[in-house]
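Structure, as structure tokens:
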Amino acid sequence: MDINGIRALFTVWIFICFLLVLYIVFNRRNKKNYDDAANSILLKTKMRKIRKAKTVNIVITEQTMNATSQFTSNFWNIYIAVIVLLSFIALAWLLLSQNVVKRPKKGEEVQTTGHEWDGIAEYDNPLPRWWFWLYVLTWLFGIGYLVMYPGVGDYKGLLKWTSHNQYEKEVKKADEQYGKLYAKFADMPIEKVAKDPQAKQIAQNLFNTYCIQCHGSDAKGSKGFPNLTDSDWLWGGDPDKIHETIEKGRVATMPAWGPALGEEGVKDVAHYVMSLSKPKGQYDEERAARGQALFSGPPANCFTCHGDKGQGIQGLGPNLTDDVWLWGGTQKSIIETITNGRSSQMPAWGHFLDKDKLHIMTAYVWGLSDKDGKAPVKKAEPAPAAEPAPSAPAEAAQAASEAKPAAAEPKAEEKAAPAAKADGKQVYETVCAACHGNAIPGIPHVGTKADWADRIKKGKDTLHKHAIEGFNTMPAKGGRGDLSDDEVKAAVDYMVNQSGGKF
């Protein structure tokens, strides 16, 4: 076969592949078996039956094959398998059907391929034998690989190898080798671990592996990622809080206030925020005065998260008076933050790092901001201020806060009080209204049935769980760790009942 025949062969092969793609496209349109929703419902139904029967033997049929694959139909698995296998066969036939290794007889004139240009002809010389056999070995290796390892549709290979299993084996091997080294520091107090040179080296290696992408090699962070070497801790800087942050992660959300405040209102609040930490001359005092009213009252009620004087509330809103800015402290950056909001997330490492590594990392991070290495003293968590700046709405909020001080330590009998005694309306007005009482994009507005319809369908228990533990951009308990579970549930019930539901 000459070069033109080879080209024709591959043209036919490409055309066949193209027809297969067209067949799949039209076949998927006409067959309900490939409908994603139907497959999902079928799979969920079967899984429910499996759970009820407490059986672990799952027979994967054509309809449920996509449970072990990312493809929406098992046909895609077959398609890939056919393409791979036919490609091997076609390449093998293409090579072996040619006289690619036969040398011409001695004295026989070497033939040309028929290609000639400007007096230059292309000889039809055979391939070097070493090249030919190297290709054959490569082809055989490819076949062997596909037999032993996954690579053809859903076929898992004779070795049943997966990247996850390989990773688990390597982690187990590393734990066996280095586990005793980590365990050595498990029972040591935080301040001693933070000072120990070996522990610091181990923790720094872990930090350089997992943390520098966000917090930087010097742990001083960057825009949107906090500095770990200062004393500004939104979620708490004592060892327990740091451990909780590393283990469980954090989700922080600043709502977008642009739609509610308007351009001028945003500028007014921005100038007031600047006045809390910047010297006169760097902000407009008239705008700052107007911004203070918005900060302390509707529609923004910023004091709910940031405190009545902008001093911040742990776990809810950062301190605005210390001139430490996660997203930038320029007028432009502050306006952008207020207008569009901010959202950030600290991933949870508890499923990845074991308790011994978490202990070492906690000590290391704590030591970054506690250079003296003194034994940590657990500080009382700051509570929301009960005295917002004078204004009618703020005074109402103050009265509600005074009726139930957030910082007061509940008595034993009060802790055991049933959920029925919690005042959902009061909790909503003092904690939740700042976000859920305003038209903020992405946040369900109390009283707007359309915002709550899909959420209500999830059920009472689910909404309670999301509110208490946090969900997506919703922080746990709205960022108010001082609230009891019953108070949070009561607030959820109140909001749902005001929005078309009946809890």
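Glycine too: its Cβ is placed from the backbone N, Cα and C atoms.
Nobody curates TrEMBL annotations by hand; they come from automatic prediction.
Summarising the annotation, TrEMBL assigns transmembrane segment to 6-26, 75-96, 130-152. The domain 'Cytochrome c' annotation in TrEMBL covers 198-277, 286-369, 419-499. According to TrEMBL, the compositional bias 'Basic and acidic residues' annotation covers 372-381, 410-423. Per TrEMBL, region 'Disordered' is recorded for 372-423. For 392-409, the entry in TrEMBL reads compositional bias 'Low complexity'.
Secondary structure of the domain 'Cytochrome c' (419-499) per DSSP (helix as H, G, I; strand as E, B; remaining residues coil): 52 helix, 2 strand, 27 coil. DSSP states for the domain 'Cytochrome c' (198-277), grouped as helix (H, G, I), strand (E, B) and coil, give 45 helix, 7 strand, 28 coil. Per-residue confidence over the domain 'Cytochrome c' (286-369) averages 91 (mean pLDDT, predicted model).
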